[in-house]
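Please read the structure below before turning to the comments.
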Amino acid sequence: MNLKEKTRALFAEIFGYPATHTIQAPGRVNLIGEHTDYNDGFVLPCAIDYQTVISCAPRDDRTVRVIAADYDNQVDEFSLDAPIVTHDSQQWSNYVRGVVKHLQQRNNAFGGVDMVISGNVPQGAGLSSSASLEVAVGTVFQQLYHLPLDGAQIALNGQEAENQFVGCNCGIMDQLISALGKKDHALLIDCRTLGAKAVSMPKGVAVVIINSNFKRTLVGSEYNTRREQCETGARFFQQPALRDVSLEAFNAVASELDPVVAKRVRHVLSENARTVEAASALEKGDLQRMGQLMAESHASMRDDFEITVPQIDTLVDIVKATIGDQGGVRMTGGGFGGCVVALIPEDLVPAVQQAVAQQYEAKTGIKETFYVCKPSQGAGQC
């Protein structure tokens, strides 16, 4: 039974009438462009075929009833006429409540909804299960009540909910790719203008995500430190963001900067340039050049931004040794654990899976999780 069938069956069973709509919003993986989003730079993610699915129907009153199928059918119920506050014990509820609260501030021409939610985006793997949930909930209200909101507005609404209601800092990339993703394409996103250009993926290439299953511990504190270091760099150049600094300008005065800040700045500037070039390499089907850019990106994250860990570097080395120059691999996500992403010809996937299975656990003592994904469509009815 797929997620649509599961949520529709549960909806009818619990609410006693059939759902009118089923909405999905995908998770994502970022192919290249790491820690560039909050520097107003470029990212190149694609939506993946793991998603949050919501079966739903409008109500004729002002109540929102939500069932979380993946949390033992826990229930949340709240009114649109009372102030929406955080739920004491159910963290998942706060993503739903936050999205609805921020939607009210944008366009409150909507009424109550019944919904049943289920998803298969792996949690804690850095594949944006939370953004997928936020975009799915926003799309439910937009579709049921014909709200005049586009994908970018639904994405911004989800980001606001996560930053201000849930209380977790994030850039805009995760929500934007979930809302705007396009089947068989990646999206080159300008994080300053929110402009997005669809970039076709070469045929016969698999998007492979391998979770190191190394538990991230430093990610919050170190993430904030990196942001501060980038802001320090932008102030040094008297620019609003590192997006506005050229590599030439940086190289001319790099020695005057604090050495650690200089390394952080160099990563962001070089990563932005790599990301823009990667989009054109993908479009041309030049997997060899894409692989070189991904390798440079990983080295920059390891040596200049210092956000990789030995387990991740080991995974990258195993994959690279298997594929040679027929594709690319790098860490993806915030760092300090999490996943690597690889672009690999489909016929090489079994060899990569076998090499990782034979070597990774032997070298690290941890068993990996292996996902083979397809670049998928963004949020909408399913």
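The backbone N, Cα and C atoms fix where each Cβ goes, and this holds for glycine too.
Just so you know, the Cβ of Arg28 (site 'Transition state stabilizer') picks up 32 other Cβ atoms within 10 Å once every protein chain is counted. Among the features that Swiss-Prot reports, site 'Transition state stabilizer' is placed at Arg28, with the record citing sequence analysis.
Look at Tyr223 (substrate binding site): DSSP puts it in a helix. Positions annotated as substrate binding site by Swiss-Prot, on the basis of sequence analysis: Glu34, His35, Thr36, Asp37, Tyr223.
Taken residue by residue with DSSP, Ser128 (ATP binding site) is part of neither helix nor strand, so it is coil. Positions annotated as ATP binding site by Swiss-Prot, on the basis of sequence analysis: Gly124, Ala125, Gly126, Leu127, Ser128, Ser129, Ser130.
Taken from Swiss-Prot, the feature Mg(2+) binding site covers Ser130, Glu162. Within 10 Å of the C-beta atom of Glu162 (Mg(2+) binding site) sit 24 other C-beta atoms, taking all shown protein chains into account.
Around Asp174 (active site, proton acceptor), the same-chain residues at least 6 positions away in sequence with a Cβ under 8 Å from its Cβ are Arg28, Pro45, Ser128, Ser130, Ala131, Gln159. Positions annotated as active site, proton acceptor by Swiss-Prot: Asp174.
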Substrate site, defined by Glu34, His35, Thr36, Asp37, Tyr223: further same-chain residues with Cβ within 8 Å of the Cβ centre: Gly33, Tyr38, Asn39, Val43, Gly171, Arg226, Val268, Gly334
Nearest of the binding-site residues (Gly124, Gly126, Ser129, Glu162) to Glu34 (substrate binding site), judged by Cα-Cα distance: Gly126
Candidate nearest Thr36 (substrate binding site) in space, where candidates are the binding-site residues Gly124, Leu127, Glu162 and distance is Cα-Cα: Leu127
Alpha-carbon spacing, Gly126 (ATP binding site) to Glu162 (Mg(2+) binding site), which is rounded to whole Å: 15
Sparsest-packed among the binding-site residues, when each Cβ's other Cβ atoms within 10 Å are tallied, from Ala125, Leu127: Ala125
Rounded Cα-Cα span from Tyr223 (substrate binding site) to Ala125 (ATP binding site), Å: 16
